[in-house]
Amino acid sequence: MTGMKKGKNKKKNVKNDERYKELDSLISNDSEIGNNSRWGGAKRICKLIGNEMRNNIYVYLLSILYLCVSVMNKVFSKRTLNKIGNYSFVTSEVHNMICTIVFQLLYFIYRKTSNPASRNESQKNFGWQFFLISLLDASTVIITMIGLTRTTGNIQSFIMQLIIPVNMYFCFIFLGYRYHLFNYLGAFIILITIAAVETVLSYETQSDNSIIFNLIMIFALIPLSFSNMTREVVFKKHKINIIRLNAMVALFQFFTSLLVLPVYNISFLKEIYMPFSEMGTNINDGLRCLFYGQSTIVENCGVGMVKMCDQCEGAWKTFITYSFFNICDNLLVCYIIDKFSTMTYTIVSCIQGPAITIAYYFKFLAGDVVRQPRLLDFLTLFGYLLGTIIYRIGNIILEKKKMLKALNTDGSEAELTSIETSTA
């Protein structure tokens, strides 16, 4: 046994030594050429960037894929609400039905084509975990739908960046995560940027943007964060297929969305306030709008009015496109959390903020919700990118410290093993 343990320790030491020899060579090579060459610093930066990309190429490719899907998901979500924003509950429930059917079909195909060993996982019962995740997701979707009705595209992308400090706080409290000073600095820069943007916008007369609905959308980040943390805990303790997870969560979410209905009865939400007595009519009008293209609210509506004007013609095409990208988005989120962690997903998702803002500049992507570029947008993008880069630097430092600690621990174990072997 000691011989096998010693062999494993040797392999770990060799692997870690090779990686850190590569990093040390970058530093030593730079010291040789940096004194006499003005390009020494630039070469060192390029080599360090190349080393970072080479060691994490899979993560970056996955990030690009998730970025594209996530941006399209958010853009078509806004386009859907711009057409049928008066019927948020209807669109949410129909979307849940589509997700349930698609995920159940995918999981059925997976079980038929997979080996018998992987099917044993389906015998385990994760009912309460599925219910908790679905309840949190339902709360997130409903609250986000409400917030989006009076949140402009650019502000939407800005608010999504708040997920970084929100996830940091809850992961610190409940999952025991610890962070580097640069992580806190990066999150602080993002927070300051968001605060500055909201302050400027509060003095502007934007009838299609409401501070109250911005705050509602920010509040949706809390159940989203808890949902991601629950997924991480479940993935770490049990081996759950991500397709099955999404299928069961979508099924539960169809029913748990009913628990969030009282939100529509809050009187101060003037734009979407709907007493229980009018919900039946609203659901009927929403179904006719989505499936038959019949607009009901066409008078006394629009910018500055209590209700949005229905634009039901062709709304189902936009809605189906949104559902497709949302399904892909859910699968990628679960995969990233399963293979990495909640904070890895947070780092990847923070890139979508600037990307969404840019996407709203192009009419072929944003359609009727296209926005004109403003200086404030670019200043905000700079603040987000600066905060994101500093946050990533903190992660790199923490990863290096963790690997060095593991290397030292393996070295100590190897020495103890050799002593035990010699005394034996």
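Note: Cβ is positioned from N, Cα and C throughout, glycine not excepted.
Features reported for this protein in Swiss-Prot:
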- 1-56: topological domain 'Cytoplasmic' (TOPO_DOM)
- 57-77: transmembrane segment (TRANSMEM)
- 78-88: topological domain 'Vacuolar' (TOPO_DOM)
- Asn86: N-linked glycosylation site (CARBOHYD)
- 89-109: transmembrane segment (TRANSMEM)
- 110-125: topological domain 'Cytoplasmic' (TOPO_DOM)
- 126-146: transmembrane segment (TRANSMEM)
- 147-156: topological domain 'Vacuolar' (TOPO_DOM)
- 157-177: transmembrane segment (TRANSMEM)
- 181-201: transmembrane segment (TRANSMEM)
- 202-209: topological domain 'Vacuolar' (TOPO_DOM)
- 210-230: transmembrane segment (TRANSMEM)
- 231-248: topological domain 'Cytoplasmic' (TOPO_DOM)
- 249-269: transmembrane segment (TRANSMEM)
- 270-317: topological domain 'Vacuolar' (TOPO_DOM)
- Cys289-Cys312: disulfide bond (DISULFID)
- Cys301-Cys309: disulfide bond (DISULFID)
- 318-338: transmembrane segment (TRANSMEM)
- 339-346: topological domain 'Cytoplasmic' (TOPO_DOM)
- 347-367: transmembrane segment (TRANSMEM)
- 368-377: topological domain 'Vacuolar' (TOPO_DOM)
- 378-398: transmembrane segment (TRANSMEM)
- 399-424: topological domain 'Cytoplasmic' (TOPO_DOM)
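Proximity of the transmembrane segment (126-146) to the transmembrane segment (318-338) is not established, fewer than 3 Cβ-Cβ distances being under 8 Å for residue pairs spaced 6 or more apart.
Counted over residue pairs separated by six or more positions, the transmembrane segment (181-201) shares at least 3 Cβ pairs under 8 angstroms with the transmembrane segment (378-398), which defines the two as touching.
Contact between the transmembrane segment (378-398) and the transmembrane segment (157-177) is supported: at least 3 Cβ pairs lie under 8 Å, counting only residues 6 or more apart in sequence. In three-state terms derived from DSSP, Cys301 (disulfide bond) belongs to neither a helical nor a strand segment and is classed as coil.
Contact counts against the transmembrane segment (89-109), taken as Cβ pairs under 8 Å, peak for 249-269 among the stretches 57-77, 157-177, 210-230, 249-269, 318-338.
Mapped onto three states, the DSSP output places Cys312 (disulfide bond) in coil.
Across the topological domain 'Cytoplasmic' (339-346), mean pLDDT in this model comes to 72. Most Cβ pairs under 8 Å with the transmembrane segment (57-77) belong to 318-338, among the candidate stretches 157-177, 210-230, 249-269, 318-338.
When each of 210-230, 249-269, 318-338 is scored by its Cβ pairs under 8 Å to the transmembrane segment (157-177), the top-ranked stretch turns out to be 210-230.
Away from its own ends, the transmembrane segment (249-269) comes close to residues 89, 92-93, 96-97, 99-100, 103-104, 130-131, 133-135, 137-139, 141-143, 146, 212, 216, 275-276, 279 of its chain (Cβ-Cβ under 8 Å, at least six residues beyond either end).
Highest local Cβ density among the disulfide-bonded residues Cys309, Cys312 belongs to Cys312, counted as other Cβ atoms within 10 Å over all protein chains shown. Under 8 Å from some Cβ of the topological domain 'Vacuolar' (368-377) lie the Cβ atoms of residues 75, 78-79, 82, 152-154, 197, 200, 311, 357, 360-362, all in the same chain and six or more residues away from its ends. Look at Cys289 (disulfide bond): DSSP puts it in a helix. Summarising the environment of Asn86 (N-linked glycosylation site), the number of other Cβ atoms within 10 Å of its Cβ, over all protein chains shown, is 25. Long-range Cβ contacts of the topological domain 'Vacuolar' (78-88) within its own chain (Cβ-Cβ under 8 Å, at least 6 residues beyond either end) map to 142, 145-146, 148-149, 153, 156, 272, 282-283, 285-286, 289-290, 297, 307-308, 310-312, 315, 318-319, 322, 366-369.
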